[in-house]
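Visitor: Relevant sequence annotations retrieved from Swiss-Prot are reproduced here:
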- ARG45, 84-88, TYR97, 129-133, THR155, SER161, TYR258, LYS273: substrate binding site (BINDING)
- TYR97: site 'Important for catalysis' (SITE)
- GLN154, THR155, GLY156: hydrogencarbonate binding site (BINDING)
- TYR258: site 'Important for catalysis' (SITE)
Amino acid sequence: MQNPKDDVLYAPVEWIDHSEGYSDIRYHKSTDGIAKITINRPEVRNAFRPQTVKEMMTAFSDARFDENIGVIVLTGEGEKAFCSGGDQKVRGDYGGYKDDSGVHHLNVLDFQRDIRSCPKPVVAMVAGYAIGGGHVLHMLCDLTIAAENAIFGQTGPKVGSFDGGWGASYMARLVGQKKAREIWFLCRQYNAQEALDMGLVNTVVPYADLEKETVRWCREMLRNSPIAIRCLKAALNADCDGQAGLQELAGNATMLFYMTEEGQEGRNAFNEKRAPDFSKFRRNP
């Protein structure tokens, strides 16, 4: 018998389209606090080019700073691919992927940082291929919900490429050093169950249930404390994000301190041109 609470979690979602002005992505927001960014290049298995990444970053920033949004979903158009990485047809000879003006970019690295530093949970909703740079994007998301037809793997050494940043180091954190080396050195592909078994994804569902299950997970998170989730994400990232991770964690502590009477006493004293009185605040051991 289904729990009555599940009825609310599985209720139909109402998406509002915010895709105007975008060519490579679709962007939607739900009426209950979920943003969804969809890579919309199914003709190339949702491979990204510089324009795609620019649009993802713009939509992502909008979702981050929208106080009505609590969770962000990243996905690909259709059932054949989440994202197959960088579009090799626009990969140039001078260190990146060429935009329409001929400038070479590796701006997907900026988008990776956006995912890691965003205080809101980011959920990868994966159907079909999550390969190469697309595989790294799903790994960097906080959670991954996979369809049964999902395929995971790296292709870098086959196409003269690699991700020596989070694509290597964070993968090793997820699956262990030996398995990470296997994935990168052999360039094999793994089905959804294999990905689940090695800790690359959180759950596997039939493709027909993929969005419904993803929305359920998002709604469960939306029921919880946003400050707690924000600080937990920063804490979970800090051990492998170096100084940037510590900065994010410390920034959250500063934000919380600003909300306290003690923090506000310092501000008020400065603005009122008087000495602050911190004597009333506890000095806990």
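Even glycines carry a Cβ here, placed using N, Cα and C.
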Visitor: By the DSSP assignment reduced to helix, strand and coil, which category contains ARG45 (substrate binding site)?
Guide: coil
Visitor: Rounded to the nearest angstrom, how far is the Cα of GLY156 (hydrogencarbonate binding site) from the Cα of TYR258 (substrate binding site)?
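Guide: Given the Cα positions, TYR258 (substrate binding site) is 45 Å from GLY156 (hydrogencarbonate binding site).
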Visitor: Taking every protein chain in this structure into account, which of the binding-site residues GLN154, THR155 has the most other Cβ atoms within 10 Å of its Cβ?
Guide: GLN154
Visitor: Other than GLN154, THR155, GLY156 themselves, what residues in this chain have Cβ atoms within 8 Å of the centroid of the hydrogencarbonate site's Cβ atoms?
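Guide: What remains near the Cβ centre is GLY85, ILE131, GLY132, HIS135, GLY153, PRO157, LYS158, VAL159, SER161, PHE162, ASP163, TRP184, CYS187.
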Visitor: How many Å separate the Cα atoms of GLN154 (hydrogencarbonate binding site) and ALA130 (substrate binding site)?
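Guide: Rounded to a whole number, the Cα-Cα distance is 9 Å.
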Visitor: Can you grab the distance from GLY85 (substrate binding site) over to GLY156 (hydrogencarbonate binding site)? Cα atoms, rounded to a whole Å.
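Guide: GLY85 (substrate binding site) and GLY156 (hydrogencarbonate binding site) have their Cα atoms 10 Å apart.
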Visitor: Should any of the binding-site residues ARG45, ASP87, ALA130, GLY132 have a Cα within 10 Å of the Cα of GLY156 (hydrogencarbonate binding site), which are they?
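Guide: If one measures from the Cα of GLY156 (hydrogencarbonate binding site), the binding-site residues that come within 10 Å are GLY132.
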Visitor: Which of the three DSSP states, helix, strand or coil, fits THR155 (substrate binding site)?
Guide: coil
